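Pulled from Swiss-Prot, these are the features on record:
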- 12-56: repeat 'WD 1' (REPEAT)
- 57-96: repeat 'WD 2' (REPEAT)
- 98-137: repeat 'WD 3' (REPEAT)
- 141-179: repeat 'WD 4' (REPEAT)
- 180-212: repeat 'WD 5' (REPEAT)
- 221-262: repeat 'WD 6' (REPEAT)
- 263-302: repeat 'WD 7' (REPEAT)
- Ser312: phosphoserine (MOD_RES)
- Ser335: phosphoserine (MOD_RES)
- Ser338: phosphoserine (MOD_RES)
Amino acid sequence: MAMRQTPLTCSGHTRPVVDLAFSGITPYGYFLISACKDGKPMLRQGDTGDWIGTFLGHKGAVWGATLNKDATKAATAAADFTAKVWDAVSGDELMTLAHKHIVKTVDFTQDSNYLLTGGQDKLLRIYDLNKPEAEPKEISGHTSGIKKALWCSEDKQILSADDKTVRLWDHATMTEVKSLNFNMSVSSMEYIPEGEILVITYGRSIAFHSAVSLDPIKSFEAPATINSASLHPEKEFLVAGGEDFKLYKYDYNSGEELESYKGHFGPIHCVRFSPDGELYASGSEDGTLRLWQTVVGKTYGLWKCVLPEEDSGELAKPKIGFPETTEEELEEIASENSDCIFPSAPDVKA
């Protein structure tokens with residue numbers, strides 16, 4: 001019996017959602033952070049989308065956001081020329097890292113001791129979070145603003161992307177190992193530690209490269225311009241979203257398009273699989289995040305599979321929420337929660 005994809009809609013942001021990231025799996029589940037042009041990154045329970053808190057302090061659009069592995073710290077990159085590190089449990093601001101231009105990307109090392117940043121000033125910076133007064137190490141070499149920067153290979157190397165170039169750096173020597181040039185703008189990068197795979201999107205292309213050597217593995221072509229793509233943790237599927245408001249799901253091994261569907265009311269800017277692979281999240285120009293099931297119909301999070309009577313002739317549809325909660329009621333709850341904030345709302349530091 002056919003099942004219909006019914007996403008969970010996470011409201012609360014008032015401007016386009018431009019970045020999102022999941023934590024690792026913790027004793028309390030896993031968590032999701034979103035970056036938005038409204039300047040108010042939000043933290044949510046990863047498997048349900050339930051709002052937990054809003055980090056207040058930035059004075060401009062937030063372009064990048066990430067969580068460390070155990071979800072105890074968050075980091076954000078913003079148009080106010082700062083990156084900030086937060087206590088993800090209390091919501092308190094821990095430090096503000098001043099930059100000379102707009103900051104677009106942040107990433108923690110596995111031990112959470114260092115933070116990598118990149119932005120419009122074309123420099124990669126590495127901050128020792130145990131020495132907040134120390135000057136960061138700087139890596140130069142990009143010729144345009146940096147869109148994404150990621151630690152890889154157990155933090156021994158760094159991957160970074162500017163407009164049309166992806167570069168691989170050695171952390172110890174701070175030197176470039178290799179670079180890839182593209183004939184159009186790189187829109188996103190994702191690093192998969194298991195297998196050392198780098199996912200790159202540009203134009204309508206979704207390309208997979210070795211994160212160690214940058215050698216090509218395979219590539220797929222989508223029907224529309226793609227802004228972001230994510231590979232399933234078990235490398236069975238990949239999902240991608242872009243300018244046509246659609247999400248596409250592909251078989252990673254064959255490249256076959258398995259399904260495509262709309263849900264957002266604007267271009268999709270970011271998409272990521274959860275760490276357990278049970279769902280993926282998307283963020284859009286329409287100001288919402290949506291959570292989608294990898295396997296439609298499975299009881300998971302707020303999805304409860306409810307099958308109609310066999311003789312009804314209806315499509316089976318996964319019911320969202322607890323048995324007594326309607327989809328409309330969940331939307332109302334999300335709207336009410338959108339005005340809530342962490343009890344601590346730190347002021348921006350100079």
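For all residues, glycine too, the Cβ spot is worked out from N, Cα and C.
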Exercise. Taking DSSP states H, G and I as helix and E and B as strand, how many residues of the repeat 'WD 2' (57-96) are helix, strand and coil?
Worked result: 0 helix, 22 strand, 18 coil
Exercise. Excluding the flanking five residues on each side, which residues at least 6 beyond the ends of the repeat 'WD 7' (263-302) place their CB within less than 8 Å of a CB in that stretch?
Worked result: 3-5, 7-11, 13-25, 30, 32, 34, 36, 38, 44, 46-49, 188, 190, 227-234, 237, 239-247, 316, 318, 320-322, 330
Exercise. Against which stretches of its own chain does the repeat 'WD 6' (221-262) lie, if we need a Cβ under 8 Å and a gap of at least six residues from its ends?
Worked result: 5, 187-188, 190, 192, 194-195, 197, 199, 201, 203-206, 208, 268-273, 275-277, 280, 282, 284, 292, 294
Exercise. What average pLDDT does the predicted model assign to the repeat 'WD 7' (263-302)?
Worked result: 94
Exercise. With DSSP, how much of the repeat 'WD 4' (141-179) is helix, how much strand and how much coil, in residues?
Worked result: 0 helix, 21 strand, 18 coil
Problem set entry | Summary of DSSP states over the repeat 'WD 3' (98-137), given as helix, strand and coil counts | 0 helix, 19 strand, 21 coil
